[in-house]
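Asks: Once you've had a glance at the structure underneath, I'll fire off some questions.
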Amino acid sequence: MSKFSFNIYHQHKKARSGIIVTAHGEMRTPAFMPVGTRGTVKAMLPESVAETGADILLGNTYHLMLQPTAERIVQLGGLHKFMNWDKPILTDSGGFQVMSLSKLCKITEEGVSFSSHINGDKYMLTPERSTEIQYLLGSTITMAFDECTPYPATFEEAKTSMQLTTRWANRSRNAFVKREGYAQFGIIQGSVYEELREQSSKDLVELDFEGYAVGGLAVGEGQELMFKVLDYAPDFLPQNKPRYLMGVGKPADIIGAVSRGIDMFDCVIPTRSGRNGQAFTKYGTVNIRNSKYADDNKPLEHDCLCPACRNYSKAYLHHLVRIGEILGSMLMTWHNLTYFQNLMSRIRAYIKLGKDFDFDS
């Protein structure tokens, strides 16, 4: 089994490209991770997701602990076998969903108590329990339990939240079962305050995680402020470890973040947009519901190799989406995931050539 490692092969200014080696294979960086919240990427077969070029998927601890439960998944051979995906899987810690989906959640030093959004059952999620669930799932990359600081937050609010995340990170690290080829990432918090981001980074770097995530962004602060934070936040982290920007997925945001030193991304944008009839292309977004596509016999993108573009016209996709056929969601999602993987491939090629990014989609 391979050791977990991150090898940077090319660098242009702050942008890096390389390979992360894991127990479940290699992943190219910069990487975009499709979101498979409940053990599936919506409207896609796992093997179809692989065909888009994805090297890694994201799963969600909160949803999987509720249904079908981590204990059931481990009895069935782990998440990889359960969903027929043999490449790396990263699972988030569940904290963000607990705090955003549960109507009744209480944050204490111990963890977060909450009621299930499904049936109201009461649960307690702690750093130790979150780490245990991710271990049972067989996650390749486990995320430390954190509090995602809401925006806006005062300096004192952000400081209190960041310090709690640091204490939880210590507990998460102690609970993590180290195995060859597996990793745990710490999550940097501190809102939009440079002093807090620096302190959070120092505290978590001391714990020697295998990688680090920049959390608490893309929560309403806007691109300009997000980029301002990213102008300095990655510089506080080790050069030789992966950096993951959580929940960011707009093409222009990805390009801007890569140029500031970020290596990994995840977002529901390509899948959710696809199900809603929006396609991403190099020339901008296409709302396939628009009546102007009813008689358009051309593909979404002439040089895209996804099934939607190879085999079907915009008129056919328009028809499927307008009448609510499942195939419409499948083809639009397949195209969007292919577009995002093509975008990452293009980004990696520019870094290898030492070129500035001259595109934003």
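Any Cβ shown, glycine's included, is placed from N, Cα and C.
These came from Swiss-Prot, pasted as-is:
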ACT_SITE  ASP92  active site, proton acceptor
ACT_SITE  ASP266  active site, nucleophile
BINDING   ASP92, SER93, GLY94, GLY95, PHE96, ASP146, GLN189, GLY216  substrate binding site
BINDING   CYS304, CYS306, CYS309, HIS335  Zn(2+) binding site
REGION    247-253  region 'RNA binding'
REGION    271-275  region 'RNA binding'
Asks: What is the number of other Cβ atoms found within 10 Å of the Cβ of CYS309 (Zn(2+) binding site)?
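Replies: Cβ-Cβ neighbours of CYS309 (Zn(2+) binding site) within 10 Å number 24.
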Asks: Closest of the recorded positions to the residue listed as 'active site, nucleophile', Cα to Cα, picking from ASP92, GLY95, PHE96, ASP146, HIS335?
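Replies: When the Cα distances are compared, ASP92 comes out closest.
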Asks: Which one is it, among the recorded positions ASP92, SER93, GLY94, PHE96, ASP146, that lies nearest to HIS335 (Zn(2+) binding site) by Cα separation?
Replies: ASP92
Asks: Which state, by DSSP, holds ASP146 (substrate binding site): helix, strand or coil?
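Replies: It is coil.
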Asks: Work out how many Å separate CYS304 (Zn(2+) binding site) and ASP92 (active site, proton acceptor) at their Cα atoms, rounded off.
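Replies: Distance (Cα to Cα, whole Å): 31 Å.
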Asks: What is the number of other Cβ atoms found within 10 Å of the Cβ of ASP146 (substrate binding site)?
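Replies: Around the Cβ of ASP146 (substrate binding site), 30 other Cβ atoms lie within 10 Å.
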Asks: Can you give me the residues near the recorded Zn(2+) site, meaning same chain, not CYS304, CYS306, CYS309, HIS335 themselves, Cβ no more than 8 Å from the center of the site's Cβ atoms?
Replies: PRO299, LEU300, GLU301, LEU305, PRO307, ALA308, ARG310, TRP334, THR338, TYR339
Asks: Could you check which of the recorded positions (ASP92, CYS306, CYS309) sits closest to GLY216 (substrate binding site), going Cα to Cα?
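Replies: Result: the closest of the recorded positions to GLY216 (substrate binding site) is ASP92.
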Asks: Hey, how far is CYS306 (Zn(2+) binding site) from PHE96 (substrate binding site), Cα to Cα, in Å?
Replies: 33
Asks: Counting only residues 6+ apart in the same chain, whose Cβ is under 8 Å from the Cβ of GLN189 (substrate binding site)?
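Replies: Residues satisfying the criterion: ASP146, GLU147, CYS148, THR149, ALA158, SER161, MET162, THR165, LEU196, ARG197, SER200, GLY215, GLY216.
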Asks: Are there any residues in the same chain, six or more apart in sequence, whose C-beta is under 8 angstroms from the C-beta of GLY95 (substrate binding site), and if so which?
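Replies: Listed in sequence order, they are VAL112, LEU125, SER130, PHE145, ASP146, GLU147, CYS148.
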Asks: To the nearest whole angstrom, what is the C-alpha distance linking SER93 (substrate binding site) and CYS309 (Zn(2+) binding site)?
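Replies: On Cα coordinates alone, these residues lie 36 Å apart.
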Asks: Which one is it: of the recorded positions ASP92, GLY94, PHE96, whose Cα lies the shortest distance from the Cα of CYS309 (Zn(2+) binding site)?
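Replies: Closest recorded candidate to CYS309 (Zn(2+) binding site) by Cα: ASP92.
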Asks: Within a 10 Å radius of its Cβ, which of these binding-site residues (GLY94, GLY216) has the fewest neighbouring Cβ atoms?
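Replies: Selected from the binding-site residues GLY94, GLY216 on minimum Cβ neighbours within 10 Å: GLY94.
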Asks: For PHE96 (substrate binding site), which residues of its chain lie six or more apart in sequence with Cβ-Cβ distance below 8 Å?
Replies: CYS148, GLY247
